[in-house]
Amino acid sequence: MSKRPVALIILDGFALREETYGNAVAQANKPNFDRYWNEYPHATLKACGEAVGLPEGQMGNSEVGHLNIGAGRIVYQSLTRVNIAIREGEFDRNETFLAAMNHVKQHGTSLHLFGLLSDGGVHSHIHHLYALLRLAAKEGVKRVYIHGFLDGRDVGPQTAPQYIKELQEKIKEYGVGEIATLSGRYYSMDRDKRWERVEKAYRAMVYGEGPTYRDPLECIEDSYKNGIYDEFVLPSVIVREDGSPVATIQDNDAIIFYNFRPDRAIQISNTFTNEDFREFDRGPKHPKNLFFVCLTHFSETVKGYVAFKPTNLDNTIGEVLSQHGLRQLRIAETEKYPHVTFFMSGGREEKFPGEDRILINSPKVATYDLKPEMSAYEVTEALLKEIAADKYDAIILNYANPDMVGHSGMLEPTIKAVEAVDECLGKVVDAILEKGGIAIITADHGNADEVLTPEGKPQTAHTTNPVPVIVTKHGIELRKDGILGDLAPTMLDLLGLPQPKEMTGKTLIVK
């Protein structure tokens, strides 16, 4: 029996904007996309900011886009989850934070807050530190010490003074907190097993060892004089008038590590939490009975308490298709294969029953502007065979070109990339229509729509422009206010399947 597949076709990095200058999507000759756009119900979707679980105004990316598409709901990223918790008052009721504060009140000990001291939003956000200071003041914790990791990478290389001054203002405002140590992230946030770096940060915090300064700003000035900028500032100790450290981490203290991204938080956390730690000698004063809090789940190896536990994504599109006994195919070239598999399945590696995957190798070139078609033709050829074989009820396909070539910031190759994808799109959609199937043509975020700045310089980053959605079915109407999280419910609707309660997105088809 002939299958009538519903195919979700993701044109990676393909968004829409009216301005045609520097816009490879608008300038490309794409007769197939234009034909489907004119002939079938279409709309645009928001693919950035809070619509995909990021802070407002922040551009989307492929990982976040595919997570939202597959989950059929807004998947809040860690930064946004914490921001919302602060905004709605949940942060102050967080049981893990309150337990850490009760621990130090019961033992008459100190609370240490450490993390990256910037608003870069990649590993941490300084506003989360301020929220912790405010909470400590509210909870009556008297001894609160800050161990600031200096950034200079996700923000400018000499921005530490502005963050330190801002922090000092907040300390005055809340009446709690003192800066105890400062360390460039090169030391305290190493992830490459350079344990000699981590040891320097550890010994500053626990033993008060390292260069000493009366004033945190003096530490930065001194480093700058020696040509050492924020990221590389040596772990340094702030001292009182008598030369003793403002604070060291001791037995029965509590630590709240307010970074939310795990990769650069794991080593320093292991140093404090692992009883069988062997990477360097922690010495006789290694603190015992520490109450160690990670803002998010860092790793199974970190023996600490987690303030914001991971959210499990149940009933993603793949799981629902599988539960209903449908056959599904995921297909992409190497660059976007993890996105149509792992991210589309909510961070799950294993296939669901009835799920097949086809990986087509991306071309071995230094940069994709040298081969703008990438492996789109090979992906298409493989998929056409599968459509002809009548095996699948649902297909999820990604074309990587507009994004990967768009990252070059070169207009001509990106136009060629869009044109190659359009040629392939025509073949795939026509094959699906011949089988009586339906295609949902969309994208995960923008990129190729803006590859030059207004001044004509390369613009290599993603954009915040809306992405298209076309459903190749006559006689329906699409909502105009959709988000990526509405695509899975739409797919289920077209397949005649019920939408699980976990999917809080809504079908784009107007009822």
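Any Cβ shown, glycine's included, is placed from N, Cα and C.
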For the Mn(2+) 2 site that Swiss-Prot assigns to S62, D444, H445, which of D12, D486, D493 is also named?
D12
Record says H123, R153, D154, R191, R261, P262, D263, R264, K336 bind substrate. Source is Swiss-Prot. Which of R185, R197, R327 does it list for that same site?
R185
Residue from D12, Y36, H407, D444, H445 whose C-alpha is spatially nearest that of R191 (substrate binding site), among the recorded positions:
H407
For the binding-site residues R264, H407, H445, which one has its C-beta crowded by the most other C-beta atoms within 10 angstroms?
H445
To see if you understand the setup: which same-chain residues, six or more apart in sequence, place their Cβ under 8 Å from that of S62 (Mn(2+) 2 binding site)?
D12, G13, K336, H339, F343, D403, D444, H445
Compute all pairwise C-alpha distances among H123, R153, D154, R185, R191, R261, P262, D263, R264, K336, the residues listed as binding substrate, and give the largest one in whole angstrom.
31
What Cα-Cα separation, expressed in whole Å, is found between H407 (Mn(2+) 1 binding site) and P262 (substrate binding site)?
26
Translate the DSSP assignment of D12 (Mn(2+) 2 binding site) into the three-state scheme.
coil
